[in-house]
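K.L.:
Questions regarding the structure given below will be posed in turn.
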Amino acid sequence: MLSELSDWFWQERLWFPEGLGWADLEDRDGRVYAKARDLWVALPIALVFLIIRQIFERTVATPLASLLGVKETVRLRAPHNPTLESFYCSVTKNPTQSSVWSLCKQTGCSERQVQRWFRRRRNQDRPSLLKKFREASVCCMCVFSCSWRFTFYLLAFIAGLAALIDKPWLYELKEMWQGFPVLTLLPSQYWYYMIELGFYGSLLFSVASDVKRKDFKEQMVHHVATILLISFSWCVNYIRAGTLIMLVHDSSDYFLESAKMFNYAGWRNACNYIFIVFAAVFIVTRLVIFPFWIIYCTWVYPVTIYQPFFGYYFFNGLLMTLQCLHVFWAVLIIRIAVRFLTNNEKVDDERSDKDETDESEEEDMKKNGPLQNGHAVHNNNHSKTE
């Protein structure tokens, strides 16, 4: 059964144009070609990324956050109430008015007490400012800043540019199909692919512990589509196209991560202006270069040299999926940028949930500062948002 499934999955008509197949990618005459089995290397690389990230967050990010004045958020905790906790975990985190009345009867609490309990309980589940900072964690020494994702995206972009700077298909996109699929694999391409695949694999593995924003589902689709795209392009030797796609995506992400870091550190002006640079680079690369150069060259040009096949449609389908996500995120980015440019408002991540407060809690915080189990707590984060 498994043998038949494997034979069907790897049949050449699914992966190659007519007249071409796996035999064309056998190493010969000192020329090396990409192999599907090479992708297993990405698994230990993903594990290494996860380990490095944990070490980085503990030894670099947390001490640096303290140095920059980013403190662990102190929140009012919901008092222990088995009935409300059971409803919160098994039914909904946002009860309707009728549910609130029912819970009042079951617990003997007032309507306001029940509503306050749910607000505080939801706040407990929201990630703290320090946790968000660790993910994008900043390290400033004069003009130097680094973070986990910022460092990777920046180094990946530099490495990708170095690997492609002398390649003709960077300047003339049609060259990516010259001689396809018999394209020799270069060492720089091999490591560029494996490291990118390992990194996105680590993001997929760590998604359970990362900060969950409102576009969580879109992020998951993006990670899965990216992993499929990298893996598929490797197997069918679409490597030249794949390296260009990865370079375009890495070109803007490090700006976003640096803007988030400055935001969490409370450096508003730096955050705002870096975000505007990010928005400009994102729009140019994701809404102009990617669809009108990259996708055009993978969609239109190949059919002039071979008949369309399943892999052609599958590859371009993944690219279109990414492009839909680009449009979704571009709308959010443009909305934030316009608000900042027209009203001079601060840049905030619309994907993040904000802590909830009610009027009585705000009055207490203004008079005494935030309370923790009835005692005042000093809050050094009054100028920072999550």
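Glycine residues also receive a Cβ, built from the backbone N, Cα and C atoms like all the rest.
In TrEMBL, annotation is done automatically, which means it is predicted and not curated.
Not my notes, these are from TrEMBL:
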type: TRANSMEM; residues: 39-56; note: transmembrane segment
type: DOMAIN; residues: 84-128; note: domain 'Homeobox'
type: DNA_BIND; residues: 86-129; note: DNA-binding region
type: DOMAIN; residues: 141-342; note: domain 'TLC'
type: TRANSMEM; residues: 150-170; note: transmembrane segment
type: TRANSMEM; residues: 190-208; note: transmembrane segment
type: TRANSMEM; residues: 220-239; note: transmembrane segment
type: TRANSMEM; residues: 273-301; note: transmembrane segment
type: TRANSMEM; residues: 313-338; note: transmembrane segment
type: REGION; residues: 346-386; note: region 'Disordered'
K.L.:
Can you give the mean pLDDT for the DNA-binding region (86-129), rounded to a whole number?
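P.N.:
Here the predicted model's pLDDT, averaged over the DNA-binding region (86-129), is 81.
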K.L.:
Could you give the number of helix, strand and coil residues in the DNA-binding region (86-129) as assigned by DSSP?
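P.N.:
Output for the DNA-binding region (86-129) reads 32 helix, 0 strand, 12 coil.
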